[in-house]
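Below: one structure, written as structure tokens.
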Amino acid sequence: MVRLIHLIGAIILLFSYAYCGLSRLNEHDIEESYSHKRVKRQFERLGTKWSYGVVNYYYADKNNEIKEMVESAIAYIANHTCIRFNEDQNAVQRVQIRMQQNWLCQSTVGAPGMSMSKPIGELSMLVQSCDTIGSIVHEFSHSLGRFHEHTRPDRDNFMKVTTTVHEARPRPSGMTTMYGPFEHGSVMMYHADTYGPGTMDPLDMDYKQTMGNRRVTFYDMYKINQYYGCWCSKQLECKNGGYTSPSDCSRCNCPKGFFGNLCDERQQDSYELMAVNNLWQSITIPFAYKPEPGSDGFYSTFVYITGKANSTIEITLEGLQDVICTAGCTVNGVEIKFKEDSKITSPVVCCTDKPPYKNVFKSSHNPTIIELYSRTTLPSAVTFKYRFTNDKVVLG
């Protein structure tokens, strides 16, 4: 009977904190109302959430260039989640952003106030060596409660980790580790050789260059929304795997490559190709960074390849021009979205001497989307060939 009363109280409190179509829960009240052990295990460290989903912050010093990146990271998260940011040095729960004299890029996991009953205090976020907007989104994601993707409790299903470094150990599933699929391309993933060569390899080696990429993914924001209980009272009929955006309930959050309020539009300056038969067609497409409001610091050019209904679209790369080969392909690269879940990051290519450059990519998606991304104004280009087939053809 006591547990039933606690459960009813928790439900009442949950609905009492829903406003403007969004759910922003006060974890203190829920914990006080419904605290039996099973729920504590399920929502482990729930007290590290920011109260009502509001992140209070202030700058401890000045650096206009870094501050601009911080503000862009804040805007990106706010535009895709119900999390709100408030610049307030005197808030009882706040993060101090330090941009000088530290040469670090790091943050504590979770909000200040580790006790459920006292969500107060201050933590520091060090951002002087954060060199991309995605890196700062990574640190804010820590502050919001996310651990690294490579420490998920299910990571051994996707990676072989041999390092004994303490920070690489698997984490329990209580935070945002299990609110969406494992993703090698997550902004929360380190590059494969962070702890030394061969210490953190993906089981699918085509993903090795993808690990450590600093584009913010569809699932990166989805997991935050799931963890904070972000939702809209009215759900839109979003297309292509999108969902109603808890930042603005009149539009959808869309997977990469889909645009418009309902995710049913394509990029205006995109390339649209038709695979007309099973003969290979070749094309070279240029791409480069250009400023775009609300971006994660990268600009993407999208290619849409359409084939015959129920056919397989095959794509193979023939050349990369001025695409910079780095761990994590962090400057520019090519992503052919061929995975069954088109919302998840497929293997990224930026090196001609490493997998999966020589692969024949086979996709059942119609259209199949290719993303050419860059954060440099240096003109780059990719040459590839494509076709459709009803057979699983392997090039010799």
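Every residue gets a Cβ built from N, Cα and C, even glycine.
Feature list (source: Swiss-Prot):
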ACT_SITE  GLU139  active site
BINDING   HIS138, HIS142, HIS148  Zn(2+) binding site
DISULFID  CYS82-CYS230  disulfide bond
DISULFID  CYS105-CYS130  disulfide bond
DISULFID  CYS232-CYS252  disulfide bond
DISULFID  CYS254-CYS263  disulfide bond
DOMAIN    38-231  domain 'Peptidase M12A'
CARBOHYD  ASN79  N-linked glycosylation site
CARBOHYD  ASN310  N-linked glycosylation site
SIGNAL    1-20  signal peptide
With H, G and I counted as helix, E and B as strand and the rest as coil, say where DSSP puts CYS252 (disulfide bond).
strand
Beyond HIS138, HIS142, HIS148, what residues of that chain have CB atoms within 8 A of the centre of the Zn(2+) site's CB atoms?
SER107, VAL109, GLU139, SER141, ARG146, PHE147, VAL187, MET188
Among the binding-site residues listed here, HIS138, HIS148, whose Cβ has the fewest other Cβ atoms inside 10 Å?
HIS148
List the Cα distance (Å, whole number) between GLU139 (active site) and ASN79 (N-linked glycosylation site).
17
Overall pLDDT for the domain 'Peptidase M12A' (38-231), taken as the rounded mean
89
Return the count of C-beta atoms lying within 10 angstroms of the C-beta of CYS230 (disulfide bond), excluding that atom itself.
24
Please identify, from the disulfide-bonded residues CYS105, CYS130, CYS252, CYS254, CYS263, the residue with the sparsest Cβ neighbourhood, meaning fewest other Cβ atoms within 10 angstroms.
CYS105
